[in-house]
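**Q** Pasting the feature list from TrEMBL:
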TRANSMEM  C:33-56  transmembrane segment
DOMAIN    C:167-365  domain 'ABC transmembrane type-1'
TRANSMEM  C:169-195  transmembrane segment
TRANSMEM  C:207-226  transmembrane segment
TRANSMEM  C:232-255  transmembrane segment
TRANSMEM  C:293-320  transmembrane segment
TRANSMEM  C:348-368  transmembrane segment
Amino acid sequence: MTPQGEVLLAVNGLKTYFNTDDGVVKSVDGVTFHINKGETLAVVGESGSGKSVTSLSIMRLIPMPPGQIVDGEILFTGKDGVQKNIVKLSEAEMRKIRGNDISMIFQEPMTSLNPVYTVGDQIAEAVMLHQGKNKKEAMGVAADMLRFVGIPAPEKRVNEYPHQMSGGMRQRVMIAMALSCNPALLIADEPTTALDVTIQAQILDLMRKLQRDIGMSILFITHNLGVVAEMADRVVVMYGGRVVEEGDVVEIFKAPRHPYTMGLLNSIPRPGEHVHVPGQPKGRLEAIPGNVPNPLNLPRGCAFEPRCKFAVEACREAVPPLFDTGNGHMARCIRWQEFEQVQQEVTA
Amino acid sequence: MTTIATVAPGAGQRVVPATGETLLDVQNLEKFFPIRGGLLSRVVGNVKAVNDVSFSIGRGEVVGLVGESGSGKTTAGRAILRLIEPTGGQVLFNGTDITKLSKGQMRDYRREMQIIFQDPFASLNPRMTVADIIGEAMQIHNLNPGKQRIDRIAELLEKVGLRPEHMRRYPHEFSGGQRQRIGIARALAVNPSFIVADEPVSALDVSIQAQVVNLLQDLQEELGLTVLFIAHDLAVVEYICDRIIVMYLGRVMEIAPSRELNNNPKHPYTEALLSAAPVPDPTVKRQRIILEGDIPSPINPPSGCVFRTRCRYAIDDCAKIVPELREVAPGHFKACIRDDIL
Amino acid sequence: MTTTVPTPVRKPRSQSQWSIVWSQFKRNPLARVGLGLLGLLYLMAILAGFLAPYGLTEYSTTDRISWAPPTPIHWRDAQGHFGPYVNGIRRDIDMETFRDKYVEDTSVTCPVKFFQTHPGMEGRTYRFLGFIPTSLKLFSVDAPCKLYLWGSDSYGRDQFSRVMYGSQISLSIGIIASVLTVILGLIMGGIAGYFRGLTDTLIMRMVEVLSAIPELFLLITLRALFPLNADPILVFYIVIGILAVIGWGGLARIVRGQILSSREQDYVQAATALGASDTRIIAKHLLPNTATYIIIFLSLAIPGFILSESGLSFIGIGIVEPYASWGSLLKVAQDGGFESLDARPWTLIPGVFIVLAVLAWQFVGDGLRDAFDPRRRR
């Protein structure tokens, strides 16, 4: 299922720290993953997992200070075919990449659009900047892009302001803007979290269709496992600033090797399953106990250990390494082999 | 109006739970927000946030109220508690129409009806300690005076899974899930019989949501609470609710027992809502019903059926007839004029 | 962009909002300097009677020494005795300019005495801390010598003593006027925001009308309404009161806005759901939220009123003789034009106090604003 193709982006040992009054917050602490060309990689995590800081680091949009990329490299092969280390690029070189090679869409489409310009102006701006087109040509591209993302009457809509549009329409405009320069990589940071379910379905459908047409890679950041199952080819699960599991989407959902991933999958109600039957006792969700860890005060060993029902003494001693469990599946748990055994017994 | 046999509107149109005694009976509830304009701030229109909503909840029942933004679910929940004054309709609680009560009379009923909020950050006064927050209700109603009050607060904290020593802390020292537990303890402080839970887990981290859902379920069973559980998607609701009410643009679309609604939706909107929810299973690839367009503005809702602009089954009559909520199977109600679909 | 940088979860320590604000405030060096300075200035105003060697209006009718320069203090006399003393002052005429000039009369020496009471001298009696009548002075010299630490004015009154006494009026005026403004603003803004509707409309239209009245014109007119023989202090407080009556509009607008937005907060709804009364909701949930703003408003409005007072006194519609404020004392520097500034630079000393007090309040106000604003927390 996974296209073992060309690597588009490789993040190696990325560390992004924030200096705060109360100490150094290691938001991203040695994160390694890669995205192949044309693939959708989902990064899953809760608040404080470091998933958003990872994406902002790739865009070099970390506010410095207080933030700082202290270590690691982000290797990216742009449209020119040259591999660059994003961490080392100058701000001017980075500006050429942003919006042109890598685009980003955000959770809240209202605050990401400038309220005083028409949506056409905002799309045209990026086109003029990166493709050297004049205003008239760029407005033409803008209208084409709006049609491309399924906005009806695009010639009329280019002259509208963001506030004249609904949330779903604004997210379409954001996507149109992000795709206007044919980026090689689209970073989508919780793009549907603020939207209604029926609108979310529209946007996810649109993103799948566009990816088929353009062939770009998508880095999809979300906390919603349902969205992950629908969109992703591969999945990276983050917890406490580190990758705890990585693998093919079916592997992650069907054979998770990290207790956190297992816990997450068990704790969500699945549409259509466990529906309450009258007269019968109601089912129980299997909750993960405890709280999301304080990024200032992570445990010495495995970050998930305080909440893990499988934790043993060894988990407390050192941060476990990422174990390769085969098929490109990695898990940061010292007991992963036991889970594999149990599963084999169950299936056998 | 309609050619199809309908239940007569008004008092006769009772949507009662299948079994048991009715605790809350909402009849033709209506909340219009006036839109003012012009030099003299005249009313130039209305936002019809809740329009002719009727349902009832049996004692000890857990009922889900589901809808997207603009459906009026939150407004309905608050209008039932008179946190927002309804502009029309009746809310019968134990047979008393609470919309007619004076502020003073209403105060006694407030002990019976409580609310849990979505946003665990906005719902706790940042300047009060946990003990003050939970104790406020007891202070207002003169419950558990003196030393007993501290004991009761400690007991409530333990009941929601916190520790008694937490009572001296301030809200900002807690995580979202813990704050939500404090909000639940506050609602329980007056021993209510009915609770409106307004999207109580939507703002929480995924791994915390199940904790809070389980806690609510435990408390509901232990205390025999009646709960109106408001949510924007069906996943959590169909799991813990006996019955589900689906709202769209201020109106009720469908009411049915959870299992019935999930397996056999009768309204096109419910069908689309069920289909839109992403399934956390990458091996399931199903044909999805994608609703076209956006939710219309509640200032100017479509004529006839409010859903018709996005409905794939819409016919000409849908623009002319406001569909009544009618029983299509025992305990299963829908507001759609077509019986030849679904 | 809503993707946020992680906000660090604070360490579990039970701090009320006030203790957080205080610890934030303490980290701001300018605010600390401002607070220290204010402490000194207000201590000075409280102890004015004790610090001032002379009474407010005390001067000699027989031996009037106008515009005396600051009296030099000597530490060792001809006999080698150690201890501060001053010489007498003799008036001479400068034979070139034909103006008075003062020279030290070394034949008369008077030691500076500390902690002396001055029984029988009406002008020097004051009420210590407002209660205990006494004439105890930190330092003083006996007649016939004069100790003019910062020179004297045209009547031969000691400027140091007058600056001390003037601080009482200058520093209290700001507080009284601001508190009055805040009370009016809170009540009117609170009523408008909580009850909304017609009440709100009426109050807000009133604010607009008030803010359209030219202030200085109104003040001059109002001052002219009072008879000349009315107690000047009383009149001045009335004028300040009127300033507050005109000035509450801005605050009322903001309080109204805050009440309007915080009454929609879930925790206010929660209190309503619990059956809390209107009064309880206003007092426990709504007004405390405006406290932050009120405190900042106060600390920034006070220097404004101090400046207004100085300005009004300077143009002659504020504090008038025989009373003194820093503004009215500064007016003295104006007598004689530039030449007098050149010849009597010490008359500008009251101005230094105005600048210090205003700066100190602004440092404190800025510090408070930053301390209350979570985005500016360090």
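Quick reminder: no glycine exception, Cβ is built from N, Cα and C everywhere.
A quick note: this is a predicted structure, and the numbers were derived from the prediction, not measured.
Give me the structural setting of these features: burial, nearby parts and distances.
**A** Remote same-chain partners of the transmembrane segment (C:33-56), defined as residues 6 or more beyond its termini with a Cβ less than 8 Å from a stretch Cβ, comprise 121-129, 136-141, 147, 149, 157-158, 160-162, 164-165, 167-168, 171-172, 322-324, 353, 356-357, 359-364, 367.
Outside the transmembrane segment (C:169-195), and at least 6 residues removed from its termini, the chain residues within Cβ reach (under 8 Å) are 41-42, 45, 203-204, 206-207, 233, 236-237, 240-241, 243-245, 247-260, 263, 278, 282, 286-287, 290, 294, 297-298, 301-306, 308-310, 319, 323-327, 353-354, 357, 361.
Same-chain neighbours of the transmembrane segment (C:207-226): 188, 235, 238-239, 242-243, 246, 249-250, 252-253, 312, 317, counting only residues six or more beyond its ends whose CB sits under 8 Å from a CB of the stretch.
Same-chain neighbours of the transmembrane segment (C:232-255): 169, 173, 176-178, 180-182, 184-186, 188-190, 192-193, 203-204, 206-208, 210-211, 213, 215, 218-219, 222-223, 226, 290, 293-294, 297, 301, 305, 308-309, 312, 317-321, 323, counting only residues six or more beyond its ends whose CB sits under 8 Å from a CB of the stretch.
Sequence-remote contacts of a segment are chain residues at least 6 beyond its ends whose Cβ falls under 8 Å from one of its Cβ atoms, and for the transmembrane segment (C:293-320) they are 169-171, 173-175, 177-179, 181-182, 186, 219-220, 223, 232-233, 236, 239-240, 243, 247, 251, 254-255, 258, 326-328, 330-331, 334, 354, 357-359, 361-362, 364-365, 368-369, 372.
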